[in-house]
Amino acid sequence: MWVPAVANLLLLSLGLLEAIQAQSHLVTRRDLFSQETPLDMAPASFDDQYVGCAAAMTAALPHLNLTEFQVNKVYADGWALASSQWRERSAWGPEWGLSTTRLPPPPAGFRDEHGVALLAYTANSPLHKEFNAAVRQAGRSRAHYLQHFSFKTLHFLLTEALQLLGRDQRMPRCRQVFRGVHGLRFRPAGPGTTVRLGGFASASLKNVAAQQFGEDTFFGIWTCLGVPIQGYSFFPGEEEVLIPPFETFQVINASRPAQGPARIYLKALGKRSSYNCEYIKEMQCKSRPCHLDNSASAQERLSTAWSLLLLLAFLAVGPFPGSPGLF
């Protein structure tokens with residue numbers, strides 16, 4: 001019964017691809033100097049979900065954070081800027097920044113340091129770029145993470161913040177988002193390939209806002225683990241959604257013209273992590289037994305029901321509706 005629907009989806013995808021390829025693009029500095037990189041499962045990414053060790057990580061944060069401040073000036077400066085902004089916003093009360101929307105109260109367990117971490121990540125500072133570059137390489141080995149990754153605190157706080165903010169969604173709430181990337185032209189894998197984004201990926205509910213982040217690669221994404229962080233972003237007008245590095249996607253369609261941006265369309269599949277609670281294992285589990293949940297290290301896929309719902313959504317509105325600013 002799904003054959004006609006799948007056929008329609010394929011035809012629609014092919015039509016979108018032909019429309020994209022038919023367009024001409026001017027050669028710009030972006031096209032000449034952007035780097036190329038494959039889009040794959042990002043095997044070197046550090047993807048810890050901290051399943052079963054969140055409380056232990058929280059207890060370790062004061063010492064760990066101080067240590068990282070001493071060796072990582074970019075992180076220390078970014079955290080100081082975000083802390084100042086958090087204090088100002090807290091003093092303003094429920095209306096933050098330029099937004100006139102009254103924010104809902106934060107979820108249970110959400111602490112000031114979660115808010116500061118989100119502000120630090122979204123600020124217009126060198127921190128975002130250096131942090132994600134480090135995340136993409138920190139998982140090359142456990143030793144590399146333990147000895148050379150000086151963003152352990154920020155990685156944990158961002159991961160836990162997204163888990164807490166997404167907890168009220170009950171079942172995964174999937175949404176269409178857009179992501180523009182500057183300086184990287186991804187080499188898309190073929191349709192049907194499973195991929196990850198390799199780091200914490202900022203996207204927007206608005207395609208025009210996403211283009212401001214860059215147009216070397218432009219993604220259209222159906223995400224089920226990405227969480228809206230508008231109220232906790234330095235720039236709430238961007239309607240930002242933050243996607244964790246362990247979410248997996250299926251490539252639905254892709255184009256990589258000789259000139260102009262690569263365009264890649266992804267649909268959520270589930271999540272996969274190679275690491276879990278690595279810092280706690282190193283600090284606490286050598287001298288005494290630790291009982292940690294290792295379930296996060298296995299591949300988890302969306303349920304069949306949610307996969308079908310995603311397919312229906314694609315068929316209902318098209319993978320990525322053509323609107324001004326997208327094509």
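Just so it is clear, glycine is given a Cβ too, placed from its N, Cα and C backbone atoms.
Per Swiss-Prot, the candidate among Tyr75, Tyr121, Tyr279 that belongs to the NAD(+) site alongside Arg179, Ser233 is Tyr121. When you check Swiss-Prot, the disulphide partner of Cys277 from the set Cys53, Cys174 turns out to be Cys53.
The record in Swiss-Prot pairs Cys174 in a disulfide bond with Cys224, which is drawn from Cys224, Cys285. For the NAD(+) site listed in the record, the two most distant Cα atoms among Tyr121, Arg179, Ser233 lie 16 Å apart.
Counting in whole angstrom, Glu240 (active site) lies 7 from Ser202 (active site) by their C-alpha atoms. Across the structure, Ser233 (NAD(+) binding site) and Ser202 (active site) are spaced 11 Å apart at their Cα atoms. Taking the mean position of the Cβ atoms of Tyr121, Arg179, Ser233 as the NAD(+) site, the remaining same-chain residues with a Cβ inside 8 Å of that point are Thr122, His128, Phe200, Ala201, Ser202, Ala203, Ile229, Glu238, Glu240, Val241, Leu242.
Of Tyr121, Arg179, Ser202, all annotated as recorded positions, the residue with the shortest Cα distance to Cys277 (disulfide bond) is Tyr121. Between the alpha carbons (Cα) of Cys174 (disulfide bond) and Cys53 (disulfide bond) lies a span of roughly 27 Å. Within 10 Å of Ser202 (active site), counting CA to CA, the recorded positions Cys53, Arg179, Cys224 contribute Arg179.
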